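Pulled from TrEMBL:
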type	residues	note
SIGNAL	1-16	signal peptide
ACT_SITE	His156	active site
ACT_SITE	Cys198	active site, nucleophile
COMPBIAS	363-372	compositional bias 'Basic and acidic residues'
REGION	363-387	region 'Disordered'
DOMAIN	394-501	domain 'SXP/RAL-2 family protein Ani s 5-like cation-binding'
REGION	505-554	region 'Disordered'
COMPBIAS	517-533	compositional bias 'Basic residues'
COMPBIAS	536-545	compositional bias 'Basic and acidic residues'
Amino acid sequence: MRHVLLIFSAIIGSQSVLNTGLQLKIDELFDTPGHTNNWAVLVCTSKFWFNYRHVSNVLALYHSIKRLGVPDSNIIMMLAEDVPCNSRNPRPGTVYAARAGANLYGSDVEVDYRGEEVTVENFIRILTGRHHPATPRSKRLLTDHQSNVLIYLTGHGGDSFMKFQDSEELTNVDLAYAVQTMFEDNRYHEMLVIADSCRSASMYEWIDSPNVLSLSSSLTHEESYSYDVDTDIGVYVIDRYTHYTLNFLNNEVKALNSSANMQDYIDSCPARKCLSNTGVRKDHYPKDVKRVRVTDFFGSSRIFQHLKDNIKISINGCTHIETTTYTNSLFRVLFHLKRKMARNLIFITIALVAVVVAGPGERGGEKGEHKRGGPGGHGGHNFGPSFFGNVSEEGKKEIFAVFKNEALTLAQVDSQIAALAEKYGVAAAYKEHKAKEEARHAEIKKNTTSVISSLSAVASKLSAIHEKKDQTRKAQHEAIAALRKENAVAVDTVEFIAKRLGGFGGRRHGGPGGPGRHGKFGGKHGGYHKKGPRGQGKDEKKTKEAAPAASAAN
């Protein structure tokens, strides 16, 4: 019996070694992923009952990526039509992607934007992060520079646009602008854009941001087709491209360690199946798609990064040195920021003062209007410089191309934009825009100089308040509040610097909570300091705010 157990153990051990070796060999076939988290934005842009399939497209993909580990907290889902509660639905409260399939609309489904909330403006705000201040975190795409992002759009489209709610259009220039803004704000590591609509390849024509892989269900001159009709419901229940995507994920990607690669996925819907030629654009995606796992975009797992540096942390005068393993990308940002700050404190001081004295940005404009910064952020569907408002789509593309040309000097950009403004009849608006910009910069420079000149005196006064021991804590708080009334910007700047250097008198949280701190951050960042609990100085950041007939074609 003993010998039998030994032999059995040896067999199990050998099998384990073989499996480990096989997995290592498989891993060698793929590039090491550089991301630490995955996010998805899944959008059904169509309203009306006969567009049932567009809702089921999104819900079916939603369940697939959840199965592969992407949590609800990392999925933003937009459904323009409330199919489950539609009065025509013979099976109320349900959605199916196949005649004999499972109900996709169970109690575990979390829809973030539904019905009239599904607009071009809200979609752009999600990507750029420029939300209304009241927008909850669950409706925000909280990505960072180590996030792999999947964007999936399904609905009706045409050459260079996709319809939203049968009342407005998302153009390919809009989408390119949003993706470029995400790149400039370090809001993604790699991105996969999928468009499932007629002529959907046109949607990524203007995307030229790095690390973006784009796929489509049809080429620019082609229709996309639906797959299956449920005669009981009376409508198509899924589109062909999405149907074969789901088949591939269910059959070939059964676990996170699946060896299926992105080329396998691209090949999963040939023209004989999809009845249209699928599109792929990878000129801005540097990796070989054969060496990229499908789960890099459709799945999610905790990816550990081993830290080789020693972290020196000072708390109340005590120094701790730790070497650790971490997964939080924000921690990496803060760690390197702390090291930079030690070398560039003067620059940070000037930059901080410049941001604070800039004052609040204007609220975002009404639809079709764009204003600088503030809580409103992107400010409407026609975003971009204010003089864009009356420019044709062709003109916007020309102006956009100049802005994006990194080979041009700033002077050349100004010159060419001025010429294009003249060409498209918005020269006066452009001059007004430039004048406002110059006036704003002059004001910021003046205010920054004024605040910097007062920092030394304010620092001395704050230090004296903190060093005075013959006063109560309440009296100390009142003295700081009085000083803040005299020069709030300077006090906030000095407290920011002192906090980074250990604080006044070893206070853990820096200055006391007081009246709501002034100074909304201008530009795209938005936000304000909110009054916090006494003694903690809580800082809360806010960020800004004719249907086609049912047929086999999208």
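Cβ coordinates are placed from backbone N, Cα and C, and glycine is handled just like the others.
Candidate active-site residues: His156, Cys198. Fewest other C-beta atoms within 10 angstroms, His156. Straight-line distance linking the Cα atoms of His156 (active site) and the residue listed as 'active site, nucleophile', rounded to a whole number, equals 6 Å. Residue counts for the domain 'SXP/RAL-2 family protein Ani s 5-like cation-binding' (394-501) under DSSP, split into helix (H, G, I), strand (E, B) and coil, are 93 helix, 0 strand, 15 coil. Mean pLDDT for the domain 'SXP/RAL-2 family protein Ani s 5-like cation-binding' (394-501) in this predicted model: 83.
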